[in-house]
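Engineer: Sharing a structure here in structure tokens format.
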Amino acid sequence: MTPTSAPLSERAAEPVLEVRDLVKHYPLTGGGLIRRRTGAVRAVDGVSFRLGAGETLGVVGESGCGKSTLARLLVSLERPTAGQIRYRGEDITRLSGRALKAVRRNIQMVFQDPYTSLNPRMTVGDIVGEPYEIHPEVAPRGDRRRRVRELLEVVGLDPGHLNRYPHQFSGGQRQRIGIARGLALRPEIIVADEPVSALDVSVQAQVVNLLAGLQRRFGLAYVFIAHDLSVVRHISDRIGVMYLGRTVETGTDTQIYDHPTHPYTQALLSAVPVPDPAARDRRARILLSGDVPSPADPPSGCRFRTRCWKARERCAVEVPALAVPEAFRDGRTPARHPSACHFAEERRVVPAEGAA
Amino acid sequence: MPEPYENPNEAVAPTGAGGAMDLAAGEARSLTAPERPASPVPGEPGITAPEGTGAPAGPAPGEPGGRPRSLRTDAWHQLRRNPVFLLSALLILFLVLISLWPQLIAGGDPLRCDLERSQEGSAPGHPFGYDTQGCDVYTRTVYGARASLTVGICATVGAALLGGLLGGAAGFFGGWWDALLSRIADVFFGIPVVLGGLVFLSVVTSDTVWPVVGFIVLLGWPQVARIARGSVLTAKEHDYVQAARALGAGPGRTLLRHVAPNAVAPVIVVATIALGTYIALEATLSFLGVGLRPPTVSWGIDISNAAPQIRNAPHMLLWPAGALSVTVLAFIMLGDAVRDALDPKLA
Amino acid sequence: MLLDVQDLRVEFRTRDGIARAVNGVSYGVDAGETLAVLGESGSGKSVTAQAVMGILDTPPGRITGGRILFRGRDLLTLPEDARRAVRGAEMAMVFQDALSALNPVLTVGDQLAEMFTVHRGMSRRDARARAVELMDRVRIPAARQRAGQYPHQFSGGMRQRIMIAMAIALEPALIIADEPTTALDVTVQAQVMDLLAELRRETGTALVLITHDLGVVADVADRIAVMYAGRIVETAPVHDLYRAPAHPYTRGLLDSIPRLDRKGRELYAIKGLPPGLTALPAGCAFHPRCPRARDLCRTDEPPLFPVAGEGQVAGAGGDGRGAGDGGEARRAWDAGGAGGRRSACHFWRETLDDADISAAV
């Protein structure tokens, strides 16, 4: 996701959000009376991207790849170990107090679990109205009730339910309440961490459509983090694939899904079950061996090499940079997008649609 | 982390629980008694909102009147139907009444004694008989409630406030403050109650209830602090606390609005149960002669005085001891009932 | 037929009344076959499986009707010790959460070996050797060393492999897998599903796969039964169902999932929410959410009609036995419509036709 290589961000004059070499290490401490540092979990280890206004960046990866930590960094719930997060050109990682509070108005978050993200002791009206209490300058006191009702209506809930408690709602409805809370301050960016993965299929579609509708209506930019590759493709303009704290491949949805060049992306895509029994025999599945290594002790060189079928000596020594691979640098093919692999080559793994 | 949602028990586990206080039970409700579905979004083509189920908007089934129930009302509903709660609450109400106005049921003066009647059994107007000093056991037993309840309630309030605040702060702020506090609490935990009471209270000369209350608070707060710390740590991890932080809420708001209300239930439960044991502790200390002192009327003192005479005048011992047992039991039962109401996992 | 569930009904007593979790579910599994039971949370798919396994919590649960025939014997009338003997030896279960399904204070080797010492009366030594063999078989690397480790020392995928090893230990004729890969990452999920499929091919074990994932079903199942509000609303060979669903709910589900192989526009969303089990709607339970609902649907509960499609005439198979009336219909299962298709929708024919049109476009 180098600035020069993302076509969409070139179009957008100025990115609303720009992340440069973001790093978050959690120290591991040994036991005993005096805590000494014995190592670090490298949750996020050098991630960069740009997000244009009104654009959706999808971030996919498996558990332990650091995508949730990335979300928490973006909304300033954690401070990065190194790197920058620029909101409209201003680095927000060193902000605190009033300045940070002001930035927070513009970057909001939607959480994964609708059952724990709402305070069970507060009414829906209080939950959705809380942003106005924290930022009283946004809405005068007398106007808040009306705004909360409006928000509930926007997310498809009955405004008359203002005085109900979260436990009186179903999972999908709770997620709508969480989205209403995120919208209250009219942010420019919403970071959604697995917003639909806790929901049933039929309800999931409702919430995905809601998010898409809100984006059109309010011109929101989304960082959409999920492990479900189908949902991410559906909603995203650009996609970044993460593995063990690093971005391994990035591009538009067609580039990533139809013309992946990184072996991890290929394996990931090939492993997704396709809801089409006819595709069963046509699919070439790449089965990876073993599990994801611990982020506390990542492999040298390319982090994927321990599970990669292409790995050679070079992969253990040299960290592959996230750039357009040399082979594709000249062509006009969709494979011309950044991929952090020494031996990148195109391989179609998602069966073509409707090939009956 | 991808944790695709599937309630592993489906509709099974929460439905039988009977409680309604936590999220699991909330899930059960959404499965068993659906809210009325959300209304469609007017004039919003891009948004497919779930439309009404055909039925006009009205009260949801299984929720008479569609009246919103807060968690507190839910707990109250639960309590009201619990016979253990009703019994203990009535007992406690009675105890509070007679400790405020003992003359309601006992006309005499607990300090007016007649040595001639020493250790006599029950007589008309004096159903419990007389003690060694010739005082009326019935009157003394009734008046003794005041001392027990005062000590119990004051000590509980003190221990809950001190322990709750210190423990809550330790859990919320963490770091060295937490480490320091936990070690201090451990030290207080290590003090043997009776030995500490003998040493500490024997040097105090005041004959009010306050030294005893202070001593119990001193020994009682670490227990509450531990519970408070634990439940604050749990509450702090919830996403709604993170959500508040992401909105820009300061630590004060986060603590008061989001963490404390969700962490206070276990503290209330522990405190209610502790109240009973504190009353017993007061009696123990008074029995040993280091708690309350005459002329204060206390069950502990009376039991202590009666103990040597148990063979020739058992009534002297039985009545105050019985009153003490019933009181302690009432508070422990109340604590159990409150716990059941606040924690559906035990219901 | 290896397993034949007939008109099973399960209720739960709750604070809000009786929750009817399973309302007359019938399905059958032949030896060596894979049946996928698909449904959302609260559809009763797991409760049905628990009733079949005999691990339903009673109370609050209660089986109020139906039969569960396993190799011709009704499990519900068997005495408890006979039932226990069936469990594990003849049918086994794989759970979603392997960490909580394994005992944390016993090594995995001991837990596997226990299967052999308890059920087969083997010596500890032999049982241990078999345990290591099993771990090898589910492709756990360095099985001999790892047999001495505790469940928490394994990753999620490896734990699920151990669960599978336990399930196949006594070579049961039937394995019930309840969301076996839901908690796993996609690459690991692919490994585990692959392993399950391979073991099934080798041993000829029948598999009942309970899941909410339409993708997983398409990958492994032979037949599929779709559940909604405690009933089976459609059952069909897996190819037929994906090509042309004969129930509006199935249709809605298929349309509401985003696709990996194309960028969709708006997703179709089934409106509303699943009904509460204490107050099921009259008639067809799906009618409040159904775009096709008519007055008939609000009053008459549709039986499982045999479905004939693609040039076949309804009744060409076994329609003569009568549609939908309890036991008869079930025996007509395989003989039903085309390839044993059934749909609990009054308007299955229209639904099917619509699907054909949209598939052709």
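Just so you know, glycine gets a Cβ as well, placed from its N, Cα and C.
Relevant sequence annotations retrieved from TrEMBL are reproduced here:
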- B:1-71: region 'Disordered' (REGION)
- B:45-57: compositional bias 'Low complexity' (COMPBIAS)
- B:84-102: transmembrane segment (TRANSMEM)
- B:145-335: domain 'ABC transmembrane type-1' (DOMAIN)
- B:149-177: transmembrane segment (TRANSMEM)
- B:184-203: transmembrane segment (TRANSMEM)
- B:209-228: transmembrane segment (TRANSMEM)
- B:263-281: transmembrane segment (TRANSMEM)
- B:317-338: transmembrane segment (TRANSMEM)
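Looking at the shown structure, what environment does each listed feature sit in?
Structural biologist: Cβ atoms under 8 Å from those of the transmembrane segment (B:84-102) belong to residues 139, 142-143, 145-146, 148-150, 326-327, 329-331, 333-334, 336-338, 341 of the same chain, restricted to positions at least 6 beyond its ends.
Sequence-distant contacts of the transmembrane segment (B:149-177) (same chain, six or more residues past either end, CB-CB distance under 8 Å): 95-96, 99, 185, 209, 212-214, 216-217, 220-233, 236, 251, 255, 259-260, 263-264, 267-268, 271-272, 274-276, 278-279, 282, 292, 327, 331.
A Cβ distance under 8 Å defines the sequence-distant neighbours of the transmembrane segment (B:184-203), meaning residues of its chain 6+ beyond its ends; these are 166-167, 211-212, 215, 218-219, 221-223, 225-226, 281, 284-285, 288, 290-291.
Within its own chain, the transmembrane segment (B:209-228) is flanked in space by residues 147, 150-151, 154-156, 158-160, 162-168, 170-171, 181, 184-186, 188-189, 191, 193, 196-197, 200-201, 263, 266-267, 270-271, 274, 278, 281-282, 285-286, 291-292, 296, which lie at least six positions past its ends and keep a Cβ under 8 Å from the stretch.
Counting residues 6+ beyond its ends, the transmembrane segment (B:263-281) has Cβ neighbours under 8 Å at 21, 148-149, 151-153, 155-156, 159-160, 163-164, 168, 171, 193, 216, 220, 223-224, 227-228, 230-232, 234-235, 324, 327-332, 334-336, 338-339, 342-343 in the same chain.
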Engineer: When you scan the chain for residues with a C-beta under 8 Å from the transmembrane segment (B:317-338), skipping those not six or more beyond its ends, what do you find?
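Structural biologist: Contacts of the transmembrane segment (B:317-338) (Cβ under 8 Å, skipping residues fewer than 6 from its ends): 79, 82, 84-85, 87-89, 91-92, 95, 128, 137-138, 140-141, 144-145, 148-149, 152, 268-270, 272-277, 279-280, 283, 299-300, 302-303, 306-307, 309-310.
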